[in-house]
Every structure is written in C-alpha cells, then in structure tokens.
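Below is one structure, written out as structure tokens, with a few remarks after it.
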Amino acid sequence: MDDIFCNDDRYGYYNAMKMAIDIINNRTDVLQNYTLVLDVQDTASDTGAQAIRAFYRLLNKEKKPAILLGPASTEALEPVAEAATLWYLIQVSYASGSPKFESKLKYPNTYRGAPSSTSYSKAKVAFIKYFGWKRVAILHQYDPEFFSPTVEKLKNELKKSNISIIAVEGFEQLGDVSYQLQKLKALDARIIIGEFNFMGAKNVFCEAFKQKMYGPNYAWIIFGEFAPSKIIPMKDKENTPCTVDELKQAVDRFISTVKLNIRQDDKETFSGMTAKRFWREMLKLNKTKWLRKESAYAFDVAWIIALTLKASLANGLEYENLHTPNYKYPLKMRKLIRNISFQGLTKTRPGLVNTLLSLIGSTFSKTRNMRYGQARTTVLSFGFSLSFGAMFSKTWRVHKIFTAAKTLKKMAIRDFHLLAIVAGLLLVDFVFLSTWIAIDPLETEKLRFEELTKKEQDVIIIPALFQCTCRYKTYFLGVLFSYKGILLLFGLFLAWETRNVTIPALNDSRYIGMSVYNMVVLSIIGAIVAIALDGSMYYKAPYAISSLCLIVCTTATLLLVFVPKIYQFLTKDESLTTQASRMHIGQTRKGATSNSFNRGGSPVLRERNTSFTCKGTQTDCDVPGSAVNGLKFQCEGSSSDDIPHEIRMDDIKLKERMVVAFSPQTCKPSIRICYSEAMSSF
C-alpha cells in the first residue's frame, strides 16, 4: 500500500519499490517458486480516512496481503497501524520518522525503514558532549505527533549524559515566540536546541535577530530536514516580518542534524545495486524536480519484506490461509523481521526492531586520520641510522686501520663492510619499530589545559592538544633512546681517537669527525627538549627546536663533508685533499704480509718517481717503490743483501714520507712516523 499518486510518483517511492521487486523476482535465491506482487492503493494526500479506505480495499481482495508496505506519512500510518494490529498483519513504513511508533504496546506490528527523530536526539547529545557544553535550553514547536515526543526523548538523553537543561519552552507554529526567547536570554542560554519545522524556524530566527540572539556567542542546534533556503524567503516580506538579509544574519552559524538518505560509497549491496547505479536508474524513471534520495528507503524496505518472507518459508509458514486471522502469524513474523540483516542502499544495519538507524550527520564534522601516526618516529629513526650510521662506519674504518698500523696486524676493510654496518642498523630499527607497532599501536589522546577567558569577547577558550600516544610509550622510547645514545657515544669516542689523522687518502676523516660532534650535541639537545615538554601546552617549542636541530645538523654535515671536495674539484687544488675510493691493507699477490714488512715480497710491477728515505742507526737510503701492488725497497748497509719489503695499499692516490728504523743485523723495519708530504696519483 502506498500513499502516492500512481500517475504522479513525484518523490520516486513507487519506482524505487518496483525496481526492487523486479530484481527480487528475477533472482532464484530469494523467493524461489514465489512471485512478489506489489498491489498499490492510493491514500489520497495522506489523510487518515483515505488510508483506512485503501486498507480495506486490500483486505476485501481475494488474495490477502502478506505484509503491508507503507504508508509514508505519520497521518496516514497511524490509523492503518492500529487497524493492522487487529488484523494480525505486519506493516513496514519507509518514510515516517515519528517517535510514537516506537511504542510496541500500541503498535506491536509496525516497523519502519527510515530513522526515528530520536536518532537525531542521540546525535545532538553526542555533539554537545564532544564540545564539553554543560548547559542547554530547548525551544520546541507544539506538535503531539512529532516534535513534542521528540523533546521528551531528548530530555532523557540529556539527563543520561549529565547535561543541565536550564529551560524548555514551547510555541505554536505561527504564534508569537518573543516571550520564550526573552526568557532564554534572561537565563543566559547560549546553547539552544530547536525542535521545529521550517515555518516555525522562520518565526524563531526572525525574533532571534530582533533580540540579537545570534552570532558567535550563540549555538543553535536545529532539526535539519530542511535546508536554510526554506527558512530564508525568496523576497522580503514573504510570510515573515524580517527581511532576507536579516534572516541570513540570524541563521548564520546554526548547526543541524540530518540523515544520509543514501550511502556515500559505491559498494555493491545485497541487491547487486550500487548507490550510484540506483540513482542513475531513478533519474531515468522519474523526471520531476521532486525526486528524493529518500526513495532509497523504499527500495530497502521492499528487500526487508522479501527477506522476511523468505525466512518465514524456511520456518514453515503458509500464506494460502491468510484470509483467516491468526494471532500466531505476527508473533512468528516479528521474531523473523527483527533478525533481518543485510547491506542496503541506506547502509542498513542488523536488527530491525523499532527503527533502522541511519547515519546521522551535521554541518560540522571532524575526522581523524591515524594512517601516519607512526611516521614521525619511523622516519626519524631510519634517517638517524642512515646519516649517522654512514659517518659512524667511515670513522670506525679509519680507527681500525690506524689501530692495525700500530700493531702491524692484517686488516682488510672494504666498502661493502661499511654498507653492511648501515644495513644492520636499519634492520635493528625495522625489527624494533615493527614490534612496537604490532604490540602497542599509537592512539589519539586529547589533553586539555587551563581555560583562557576573554570577557570583552564573551568567550572562554579551552586549549586542547591532540597527540599520538600509546600505553607503553615511555618504555619503547627509553629503549630507542638508549640504543641510539650508545651509538652516539661510540661515534664520539671514534671521532676523538681519529682526530689527528691527516692522511690525504682519508682526507675527509676530520670533517666526518666534526660532523659526529655536531650530531651528538644537537641530538642530545633535541631529545631533552622533546621529553621535557612532551604533553605540555608549549607544544610548539619542542616542534620548533627539534626541527631546528634537524635542519642545522643535516645542513652542517653536508657542508662539512662536501664543500671541501667541491672546492678542490673547482680549484683543482690537489694539496687540499685527495680522493680515495678504497684503502686495502691486506695480503699482496705473492703472499707478503699486509701492513707490515716481510722478507720475500712481490716483484716491482711499475716504478714511480717516489722516493722513501730509510733512516736507521747505520745508514739512510732512497728506495724506489712500486705503484700498484705496493712499495718495494732494499736497505743499503745492512747485514742482509737484496731483501725486498712491501706495503700494499690498493687504489689510493698517495705519496708518503715514511720514517723507518732498520735493525743493523736483520734490516727489519718498524714504522715510527707516517705523515703525508706531497702527493702523486696512481
């Protein structure tokens, strides 16, 4: 049964129901061996008498209805709902939002697909709680069918949430509302909940303008099933004593609660229809300007009925004997319809008991995005390991080389060893951060600070800070800071130990050491400030100082490491620095010991114009050295004749003056001082 003119389906309810039933009848998994027939009766402009007349037309037919669909309006639904109870028929409306039908004592067989106005009340209370408002006033239009019952539900919801109601004032739709607003103003009501239709809204906001109860000092939360364009007339003096501009000022900043009549995503629903496809089909079927997206409720209600009938068939209910009233029939159907659950165009949720709750929206919305909650810690940790790890590994290589040189041990440190160190640090970060995210992910925490009152503006500012935190944040940060701190201390030690290294092949070691000092100091400053001011109202300070430390640290490191190299490249000043791609102190081709002098070294492969002076107890001598595989020399005046000794340093552009002491008996050298003098290239 429908309350529309079949020849004038201006809102699209009939076409939506017919579309749904056509889909149902074409599917074999819904009502197998049955065909769902839509028998439409016109209720003639929503009058109760016409609705009862249409109801009895259906009852007098040979085929009795299994379930009643509609009417839409409260005026037509109320008498039919009472009669349907006496005839043991289940009834589902697709549009009525009156809270009176929530009473299962008076209307046990009546269900609805559209949300009740009490759903709006829950949204309003949630909105008020979100902003921490404690005092509200209610101004409502006298309407026993809709607004008055809604106010009673709203009062109960406010009391449950410990929100004080300072006044509840009512008025007639077109009556004088000046007294009510004067009373609210005298009570210093700033948060006013309005329950009235658009005609009452014109009256209220016109009077609110006259009494200056609008603007930033007031918050009007109103029933939102009408747009501001319905409140503001098209021209002055149209059904209101206020001008268009005056009403525009009065309604500015109001908050409204509205339902989403159709889902916003493009997900395929149980019917196989998406919201976008449904609306395209409706635009083809209905060309009027009155077409409403509320028609999606009619589509979903048809599916509710079909799925309820399917469940009843599975439970052994028969419809052939429905002409005989049976009180057991609605009892079974009520249980079945309460358990219907599917994804519809209106995003239907499980449990059709009193109403189907829709999504409630408002003109204000706040979204939180936690996708990047862990990004700050992750980027800082990985960035530290990449930058400091690279400098740490190079400083460590310099330290190991010259430690080995003092002890005459074999040592071979190549570039892939340094890369392995950096990769190891990154792996530790990855394992640690993955464990943190899995065990204790970040959540949003709201911190409120002391209120700031601006009396001249009649405003109280409550500073609040939303920050990402977790239950074990202190412990995880403690482990992370300890691990990074140990690396900083070790890097500081290595930089200090290699502070006097001046070998041209390792020309950037001093600048890298300076970069390590710079990073240690700034990291300590940034960490202390971040910990000390965490969770305080001075949240901008740690952000600014941490950012400054990062910028200064990275910029200084880049300048220290690369500016000397760029300067040398541009000026061709080879005395400033030399490039070293790899330094190898290892075994020679013929088995000579690396970083030491050994008898029986490799032959000279290529001579270069480089002289090394051997200063010993007996004699000094100039010795030619090899270019690629090492340095070969003989000591004149020693007891051993023609004994070659070799040092291997591959791929290093280097000319060294080495002060070597030789034993008179064995001619075994020992390095006393090694310092760079000029340079030559290989």
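Yeah, the Cβs are placed from backbone N, Cα and C, and that goes for glycine too.
Taken from TrEMBL, the feature domain 'G-protein coupled receptors family 3 profile' applies to 376-574.
Under the heading transmembrane segment, TrEMBL lists 378-396 (among others). Counting same-chain residues at least six beyond the ends of the transmembrane segment (378-396), those with a Cβ under 8 angstroms from any Cβ of the stretch are 417-418, 421-422, 425-426, 428-429, 432-433, 480, 484, 487-488, 490-491, 494-495, 498, 508-509, 512-513, 515-516, 519, 523, 554, 557.
Long-range Cβ contacts of the transmembrane segment (416-439) within its own chain (Cβ-Cβ under 8 Å, at least 6 residues beyond either end) map to 374, 377-378, 381-382, 385-386, 389-390, 392-394, 396-397, 472, 476, 479-480, 483, 487. Per TrEMBL, the feature transmembrane segment maps to 416-439 (among others).
The feature transmembrane segment is assigned by TrEMBL to 475-496 (among others).
With a cut-off of 8 Å between Cβ atoms, the residues of this chain six or more beyond the transmembrane segment (516-537) that come close are 384, 387-388, 391-392, 395, 447, 449-450, 463, 465, 467, 477, 481, 484, 488, 491-492, 494-495, 545-546, 549-550, 552-553, 556-557, 560. What TrEMBL records for 516-537 (among others) is transmembrane segment.
Residues or ranges marked as transmembrane segment in TrEMBL: 543-563 (among others). Within the same chain, residues 387, 391, 508, 511-512, 514-515, 518-519, 522-523, 525-526, 529-530 sit at least 6 positions outside the transmembrane segment (543-563) and bring their C-beta atoms closer than 8 Å to a C-beta of that stretch.
Per-residue confidence over the domain 'G-protein coupled receptors family 3 profile' (376-574) averages 79 (mean pLDDT, predicted model).
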